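The structure under discussion appears below in the form of structure tokens.
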Amino acid sequence: MTDNNTKKEAPPKRPQCAFFIYKQEVYQQVKDANPGKKMTDITKIISQQYKQLTKDKIDLYEQKYKDNKVVYEKEKKTYEDKHGKIKNERKKKKDDTKATKKAQNKKQKKQESDEDQSSEDDD
């Protein structure tokens, strides 16, 4: 049985940008109005709607983002005071995956090359 106190809590999530706040609010109604459409098509429709909003409406979503960012910065500071600096693990995982794939590809090409040479030697 593991002790929950030893497990590090997850860092706070970064706030969504203004467009994603808007998208979250209208997604279901746009989806309902466009049955059978793929998620990418629905997102394109929402994007077009967002671009057509008045400046005042866009400013409201920008303000929501700014408000969320203030809350995030406070939560981030509290988290970092308790656990240390937040590491950007997503980037690291991506880089690790690329490096691993490159190494595997090199190894596979070398094996194929070695096999080709050994089969030529057999002739």
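Every residue, even glycine, has its Cβ placed from backbone N, Cα and C.
Copied from TrEMBL, the annotated features are:
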type     : residues : note
DOMAIN   : 12-80    : domain 'HMG box'
DNA_BIND : 12-80    : DNA-binding region
REGION   : 74-123   : region 'Disordered'
COMPBIAS : 74-87    : compositional bias 'Basic and acidic residues'
COMPBIAS : 100-109  : compositional bias 'Basic residues'
COMPBIAS : 113-123  : compositional bias 'Acidic residues'
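Per DSSP, the secondary structure of the domain 'HMG box' (12-80) breaks down as 55 helix, 0 strand, 14 coil. Per DSSP, the compositional bias 'Basic residues' (100-109) is made up of 10 helix, 0 strand, 0 coil. If you take every residue in the domain 'HMG box' (12-80) and average the pLDDT, you get 97.
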